[in-house]
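Have a look at the structure below before the remarks.
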Amino acid sequence: RLCLLQPLGSGGFGSVYKATYHGATVAVKQVKKSSKNRLASRQSFWAELNVARLQHNNVVRVVAASTCAPASQNSLGTIIMEYVGNITLHHVIYGTGDVWRQGEDDEGGCGRKALSMEETVCYSCDIMTGLAFLHSQGIVHLDLKPANIFITEQGVCKIGDFGCSQKLEEGLSQSPHVCQQGGTYTHRAPELLKGERVTA
C-alpha cells in the first residue's frame, strides 16, 4: 500500500520521500530517532500530528500516520501527507531551486526571477489565511519560515512542517507559562525571543 519512490529532502528530525499510498502520490516523512535528544524526536513526531484532523487549502494535509510502518530501526514513526511538490517559498525568494533559475537577464540579476507584486500579494494572502485558520484551531506553528511554505503547481501556498508546533488548550494561551524555544532562531517570533508566552 505504501511505496517510497524518491527522496525529497531531509532535516534535523527526519527524511521526506515522494511515495504512493493506495495509488495516490503522497509525501512521506520518516521521523528519525535522535541519539542526542530522544524526547525532542518524540515531541517532533507528535507535534506533526497537531494538524492531523484539519483540512484547509493553505495547510499541508496529513493523510495517515504510523509508529510501525515502514519498519526501520532508526525511525520513530511515519507521517503520510498530501504531496504538494518540493518547491518552497525559500526557493522562490532566494533562487535556490532549479525550477526557479531563469538565467542572467532576469530582474534579480542573480539567476532568479523577481517576484511580481501579484505573486507577492497572492502568496501573502495564502499564508495569512492558513495562519488564521491554524490559530482559530488553537495551533501555533513556531517555525514559520520560507522553507516551510510549499508552493503547488497551481501557485497556492501551503504551510507545512509542524514538527515544532504547539496545540494551545482552551484558556491555556493566556498562561504566562506557555512558551516554546523550538524552531529556527532567525525566524522566531519576537515574543519568544524575549522569553514571553506563545501568542496566536
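A Cβ is built for glycine as well, from the same backbone N, Cα and C atoms used for every other residue.
Listed in Swiss-Prot:
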ACT_SITE  D143  active site, proton acceptor
BINDING   L8, G9, S10, G11, G12, F13, G14, S15, V16, K29  ATP binding site
DOMAIN    2-200  domain 'Protein kinase'
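Features recorded in Swiss-Prot, as mapped to the structure shown.
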residue	record	Cβ contacts under 8 Å, 6 or more apart
L8	ATP binding site	V16, Y17, K18, A27, N86
S10	ATP binding site	V16
G12	ATP binding site	none
G14	ATP binding site	K29, Q30, V31, K32, S44, S75
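This prediction places the mean pLDDT of the domain 'Protein kinase' (2-200) at 81. For the ATP site listed in the record, the two most distant Cα atoms among L8, G9, S10, G11, G12, F13, G14, S15, V16, K29 lie 14 Å apart.
Taking the centroid of the Cβ atoms of L8, G9, S10, G11, G12, F13, G14, S15, V16, K29 as the ATP site, the other same-chain residues with Cβ within 8 Å of it are Q30.
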